[in-house]
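The domain 'Aminoacyl-transfer RNA synthetases class-II family profile' annotation in TrEMBL covers A:1-346. What TrEMBL lists as L-histidine binding site is A:82, A:83, A:84, A:110, A:126, A:130, A:278, A:282, A:283.
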């Protein structure tokens with residue numbers, strides 16, 4: 001094997017995880033999993049790639065961001081783009097499952113423009129919780145919104161959940177005069193209203209072939225948001241809108257939802273925003289997106305009003321996705337938490353973060369040996385004693401050298417609470433020294449207490 | 001979106017994980033992680049794909065099994081083939097890390113011929129523990145072998161660890177007369193001796209251009225295995241072999257290792273097998289492979305002596321891999337546990353396993369409502385009470401229907417230890433019924449005890 005001059009990096013938009021970041025990520029996963037399990041969630045794990053056909057025609061304009069595997073003879077596959085479509089594929093494959101709350105925490109892949117500082121990566125983590133099955137309208141939907149509130153309460157983040165309803169949105173477009181064939185593409189333009197000024201969104205609509213008066217009417221309809229009860233009153237008072245079947249069906253759903261949110265006491269965390277559209281094609285009912293204030297103060301936000309605040313969780317109802325696989329349809333609603341953006345919000349990345357990230361192991365005991373010039377290092381004895389500790393479930397280590405120097409061993413023991421120190425004479429008497437590390441003490445001058453080898457494990461356990 | 005007639009399956013050699021299998025897999029991961037942490041291991045997570053150049057020239061003949069991503073403009077990437085090369089890439093990238101015990105549990109990808117019944121998949125899990133850093137010879141290697149013993153003791157599997165040394169193997173080949181250029185390819189033929197009879201291996205060597213007398217000499221040298229001390233005596237007594245520098249250096253290593261294994265008390269679990277070669281190119285010193293008896297009895301094995309027993313863990317020393325990236329070299333030794341094969345050994349797959357696998361959620365309380373004909377189902381009250389339970393960390397569920405039938409609710413509560421039953425009259429008096437499910441009781445006739453709503457959470461916690 002020859003030396004190669006390969007580029008030493010991870011692929012664009014991906015990163016390694018180690019140390020504090022990995023610990024924080026695991027804590028986020030644990031917090032989210034606890035909530036999912038509290039609601040009766042069952043875990044599912046699916047392959048990182050799927051048959052390309054399984055993923056096709058599910059993601060609308062975003063499909064171009066899919067990672068395809070090379071055709072190496074055999075099946076044509078793509079990396080998963082989210083966890084929702086694989087869940088739907090699994091439901092379609094497993095006819096015995098008619099009702100389930102399933103959760104999955106896994107990496108997904110999108111060839112998007114990465115912005116690592118904002119937690120936008122090409123390989124990123126989604127934490128999904130979905131309720132599948134025929135139930136009464138909006139009851140599972142309300143539970144999903146409650147799950148969102150619980151997760152962010154547990155994580156200590158203030159949030160707003162923006163909601164909308166695909167049927168209301170479709171109805172508004174129809175009443176405004178958008179042709180059916182253009183609804184999905186106009187919808188994706190409207191979805192950008194939280195990141196772009198109205199003028200830019202309108203321009204996109206005109207470029208997509210919408211007459212200006214229709215675009216203005218769309219703008220008037222969708223640029224409304226607020227408290228869910230107020231918004232319902234406003235929509236209900238507009239006869240032109242309520243005459244549309246989609247709008248009135250959506251209003252009925254949202255009114256039911258509002259009553260359930262009240263029972264959960266979370267109606268103030270939820271807003272109703274007619275401009276929320278969500279890009280993915282498969283949503284069919286309620287849709288929602290979670291934003292947080294993040295690190296920027298209201299002042300700094302007012303200075304740059306066009307700042308892009310990415311959502312940290314999003315989801316919705318998709319009643320037709322499972323049925324697309326040709327088997328029985330199963331209505332579903334679910335939420336996907338973006339763990340990387342949540343992590344970035346909780347701990348904004350600092351300069352050179354990945355290099356300096358402290359990599360610490362958790363050890364209970366460091367086993368060392370100290371002696372004079374003729375000293376042989378007692379490696380076999382250090383091994384035998386460490387073995388005793390390991391067998392007792394104690395986390396322990398020794399220096400993997402035959403004759404390590406004292407200083408070397410003390411340095412390696414930094415941060416470890418206990419040390420066992422072997423010496424030739426003590427060992428001959430069946431004893432070792434057991435030492436509790438204390439801050440601000442010259443460690444080499446504090447010899448520790450003598451303990452019999454036979455009581456060593458109990459003594460260590462007592463001190464830990 | 002139209003109905004598509006896509007094939008409803010996961011890609012060849014991949015599978016979904018749910019229910020009992022997923023639970024068992026998580027338990028295996030937990031057991032292995034505990035051992036890794038006991039030895040001071042630090043977790044690392046790397047992307048599922050790497051730049052193709054990073055993986056190139058590391059895997060010898062096996063490279064053809066690599067999954068490549070399609071060139072969609074941008075970097076050329078491949079799915080990771082193992083966790084060892086990404087670890088080496090990470091070490092090369094992070095110059096501040098000179099010594100580390102790192103562990104990683106993750107999926108890896110190989111386009112191999114799948115044999116799902118034997119736990120051989122194209123997407124499978126490796127659990128890796130590696131010790132990187134300059135230490136004294138064979139000390140980290142011995143610890144790795146002890147980690148193996150601890151893991152399989154904890155999992156309850158009897159094992160044998162076959163070991164060999166790449167320098168001994170290379171030396172044997174040289175003494176037998178194998179030209180340098182053919183050593184890797186002859187090595188990969190020899191590695192098949194545990195799965196194929198000698199005649200077939202010999203045939204492969206002849207096809208690879210080895211003269212028959214050289215092949216026979218190789219066969220004589222490598223078909224030796226046994227207790228590590230006996231093998232060392234045998235090798236040392238052969239002057240032709242010990243005259244070779246590689247063989248004698250390897251013998252010195254193995255003798256050191258044997259003394260350390262004795263200090264750990266695991267010398268009887270380890271055998272020395274000169275035919276063990278390991279396919280991957282990057283190994284440079286000690287190599288090892290773990291086998292278990294598996295489900296087949298000695299009798300059934302004697303009937304079909306050619307049965308393939310796949311290894312359930314394997315690893316070795318790779319001192320030159322990190323240096324291949326053009327930075328400072330860091331010697332490493334590590335082990336990779338094959339979680340899927342371990343799982344298959346612990347629980348051989350049964351017919352239709354994946355379909356019938358019980359998918360159970362873990363719940364503490366099912367909240368239901370029962371009443372007469374005019375009864376409104378008390379959905380909002382069920383929501384409000386369940387919310388109280390969730391807030392207290394109790395795992396609870398209710399039927400997501402406005403007016404669910406009693407039988408429907410009792411069916412959904414199956415396997416849940418407690419039920420809270422709401423009734424109009426009890427609620428009016430500020431009370432609910434709390435019921436402990438018992439086997440063999442007609443549940444609907446056992447009404448449960450009345451509890452005040454105010455004490456409900458405490459009462460539930462007391463009963464759990």
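Each Cβ is built from the backbone N, Cα and C atoms, and glycine gets one as well.
On the structure: features taken from TrEMBL.
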residue : record                   : Cβ contacts under 8 Å, 6 or more apart
A:82    : L-histidine binding site : A:59, A:108, A:126, A:128, A:280, A:336
A:84    : L-histidine binding site : A:128, A:130, A:280, A:282, A:318, A:321, A:334, A:336
A:278   : L-histidine binding site : A:191, A:287, A:289, A:314, A:316
A:283   : L-histidine binding site : A:166, A:316, A:317, A:318
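Residue density at residue A:126 (L-histidine binding site): 21 other Cβ atoms are found within 10 A of its Cβ, drawing on all protein chains shown. Taken residue by residue with DSSP, residue A:126 (L-histidine binding site) is part of a strand.
In this structure, residue A:82 (L-histidine binding site) belongs to neither helix nor strand by DSSP; it is coil. Between the farthest pair of Cα atoms in the L-histidine binding residues (A:82, A:83, A:84, A:110, A:126, A:130, A:278, A:282, A:283), the distance is 21 Å. In the three-state DSSP reading, residue A:278 (L-histidine binding site) counts as coil.
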